[in-house]
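The structure under discussion appears below in the form of structure tokens.
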Amino acid sequence: MNTALFKEKLAERGIGLSDRQMEQFQIYYETLVEWNEKMNLTAITDKEEVYLKHFFDSISAAFYFDFTKPLSICDVGAGAGFPSIPIKICFPHLKLSIVDSLNKRISFLEHLASELELEDSHFYHDRAETFGQKAEIRESFDLVTARAVARLSVLSELCLPLARKGGHFLAMKGSALPEELKNGEKALKTLGGKVEDLHAFTLPLEESERYIVTIKKESTTPKKYPRKPGTPNKSPLE
Ligand SMILES: C[S@@+](CC[C@H](N)C(=O)[O-])C[C@H]1O[C@@H](n2cnc3c(N)ncnc32)[C@H](O)[C@@H]1O
């Protein structure tokens, strides 16, 4: 997707980008490719592919969730910043936190945020399992996002404890989502979540299938979740 089509397709969805925001995406692309030579951030480096499969794909969350409101967001396992940094570029008023267990990726994100002059952005090197047990962090975010981190039953245990009661968890998933949802029912119930919205979406040009699922945090998560690092993955709540 070239930059003109990127801008046009977002405008069609009501997301208008200024010259400065387009420049921020250009800086993001250049910084990603430069740092990718020193560390493993992404397998995708072709410019048009990055704009489609990372930038546009990340922003597609905003086709189905209202990011124009003041929101505190936590992106779990953002890696090179997806989906939350593209969303933050489009909606600069958001208060953003990212937690990732790989310190090198956190260093990249801190550098990137300074290059992009992002305000109100906070980066934590931690595992979601321990982050979600911190009293000052737990159940504090309006929205928790995650793209491509783990299957839904596992991801729910990492993400739902971070969302405040009445807040949301938004997962961006591939074609396995319908199966994951069936297996994730028990986890959602145990952790206080309920599916509110589910959208199938095909990425333009290459037509691959995506799902965006929004889960409402209806009740407080029992204190024992998330369990200790590695346990959600080893013994999922299925
Ligand atoms: C496959 S990458 C996905 C990155 C990004 N969300 C994307 O869509 O491109 C998964 C990321 O999650 C992080 N991660 C995996 N398990 C985690 C955990 N338990 N707590 C925090 N981060 C975790 C990894 O370090 C990695 O950066």
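For all residues, glycine too, the Cβ spot is worked out from N, Cα and C.
TrEMBL entries are annotated by machine, without manual review.
Among the features that TrEMBL reports, S-adenosyl-L-methionine binding site is placed at Gly77, Phe82, Ala128, Glu129, Arg147. Neighbour list (Gly77 (S-adenosyl-L-methionine binding site), Cβ cut-off 8 Å, at least 6 residues apart, same chain): Val99, Asp100, Ser101, Ala128, Ala146, Val149, Ala150, Leu158.
Residues annotated as region 'Disordered' in TrEMBL: 216-238.
Helix, strand and coil residue tallies for the region 'Disordered' (216-238), in that order: 4 helix, 2 strand, 17 coil [DSSP]. Annotation for Phe82 (S-adenosyl-L-methionine binding site): same-chain Cβ neighbours under 8 Å, separated by at least 6 residues, are His54, Asp57, Ser58, Arg147, Ala148. Around the Cβ of Glu129 (S-adenosyl-L-methionine binding site), a 10 Å sphere holds 20 further Cβ atoms from the protein chains shown. In this entry, S-adenosyl-L-methionine is bound by Gly77, Phe82, Ala128, Glu129, Arg147, whose most widely separated C-alpha atoms sit 20 angstrom apart.
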